[in-house]
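For reference, the structure is listed below as structure tokens.
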Amino acid sequence: MFARLSTALLAFTLATAVVAAPGGRPSEVEYEQCNGGEIQCCNSYQKADSLDYNTSKLLGLLNIDVKQITAGVGLTCTGINAVGIGGGSSCTQQKVCCTNNKFNGVVALGCSPINVSL
């Protein structure tokens, strides 16, 4: 009896993990939320009006005028593409849509978070 219960519990756990696993591609909802930008996976995201000290210093070192930033800033970002090659297609941190990623992912500007729970 205990073996059957253990087997059933294991099967249920595995089935739940498979159902909860993220898909291989960003959804169409994500693309609709990212008009004119690129979907990025960033280790952190900060709103323009609440940049921390270290982020402000980093932007200064890159000759970016902090006062001119009006949209969010992503830090340590990689691209997410639809095919699943290159930068990868899954994100365990913050998904954002950025319009300016000219700093090789160190800093991405013009970012807004992607709400995937629609």
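Backbone N, Cα and C define each Cβ position, glycine as well.
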Item to complete: State the disulphide partner of CYS42 as given in Swiss-Prot, choosing from CYS77, CYS91.
Response: CYS77
Worksheet, complete the sentence: The residue that Swiss-Prot pairs with CYS91 in a disulfide, chosen from CYS41, CYS111, is CYS41
Fill in: Most crowded position, judged by CB atoms within 10 A, among CYS41, CYS77, CYS91 as disulfide-bonded residues
CYS77
Worksheet item: When DSSP states are folded down to helix, strand and coil, where does CYS42 (disulfide bond) land?
Response: strand
Worksheet item: In the structure shown, with every protein chain counted, which of the disulfide-bonded residues CYS42, CYS97, CYS98, CYS111 has the densest set of Cβ atoms within 10 angstroms of its Cβ?
Response: CYS111
Worksheet item: Near the Cβ of CYS34 (disulfide bond), how many other Cβ atoms are there if near means within 10 Å?
Response: 20
